[in-house]
Amino acid sequence: MIGDTTEAKECRRKNPMDLFRSGQVVKICAPMVRYSKLAFRTLVRKYSCDLCYTPMIVAADFVRSAKARDSEFTTNKGDHPLIVQFAAKEAQVLCDAARIVCPFADGIDLNCGCPQRWAMAEGYGACLINKPELVKDMVRHVRNQIDNPKFSVSIKIRIHEDLKRTVDLCQKAEAAGVSWITVHGRSIEERHQPVHYDAIKTIKQSMSIPVVANGDIKTLKDAENVHQLTEADGIMVARGLLANPAMFAGYEETPLKCIQDWVDIALEHGTPFTCFHHHLMYMMERITSKQEKKVFNVLSSTSAVLDYLNDHYGM
């Protein structure tokens, strides 16, 4: 599950809230199923990412099963500040999960934004935006049961059609002691519609805690624009970072150095081939022709990928 236990404990104790007090816009790697794992977090941290989230982990499974803990949560001493995101619907289960990761991470986040059918059917994710009292209760329980005052408790939400309900949810969470709130500026039903940055601004103006903006941010310029539009304290990026992990460092497209870094990091971490290959497909999307993609995307082994990169890019 966790490498370098004692060293990880010693080096952590970073207070993620210090990032928000710095006066700079906090640059954040979003929780991404299968993708925001340790190797990828290591890569984006090399390129000006301030804060990383794990993929969403179902808290009940994590608490119940050592196997789930081993497969879902891996970290090391350089992997900070780190937020572990959980799907949960019961306060005590979330507290138990938070207690397990507390020695190794810098905070937890409650997912109140995942719109996938399976999550909603289980009572997780975006359906929680319609249960403000439950969200408040979960936040308060974690706050009361985790002794470390530097350990953050945040939530990530979507918006309601009626924004007053979203503001009410956020204010309830703030009253319960939430550290910050990330707002994906779409409703549960919306997928590819434009993001409502004006809604994020309204929420920001009604809160005294930090607010992070999320949704359709593909370049550093987009991040700066969204910061201007929303006045958000942080910018969280998902697909933009998959396509260009060096985005926060100001690169317009993935530099070859970043691709080389990914190869080195992934091999060192023993990243499974499919994940290793998928990340490269995302990263090389903008810098390869249709013909090159046809060849590269069907390669089926690490050695074939390494040969390809060597032949085409001299890596």
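Every residue, even glycine, has its Cβ placed from backbone N, Cα and C.
Sequence annotations record features per position, and here TrEMBL assigns domain 'DUS-like FMN-binding' to 29-292.
Met32 (FMN binding site) is surrounded by 19 other CB atoms, counting those within 10 A of its CB over all protein chains shown. Residues or ranges marked as FMN binding site by TrEMBL: Pro31, Met32, Val33, Gln85, His184, Ala238, Arg239.
According to TrEMBL, the active site, proton donor annotation covers Cys114. For Cys114 (active site, proton donor), applying a Cβ distance below 8 Å and a minimum sequence separation of six or more within one chain yields Met56, Ala87, Met120, Tyr124, Gly125, Ala126.
Scoring each of the binding-site residues (His184, Arg239) by how many neighbouring Cβ atoms lie within 10 Å, the top position goes to His184.
Of all residue pairs in Pro31, Met32, Val33, Gln85, His184, Ala238, Arg239, the annotated binders of FMN, the farthest apart have Cα atoms separated by 17 Å. Regional average pLDDT for the domain 'DUS-like FMN-binding' (29-292) in the model is 97. The binding-site residues under consideration are Val33, Ala238. Their Cβ neighbour counts within 10 Å are lowest for Val33.
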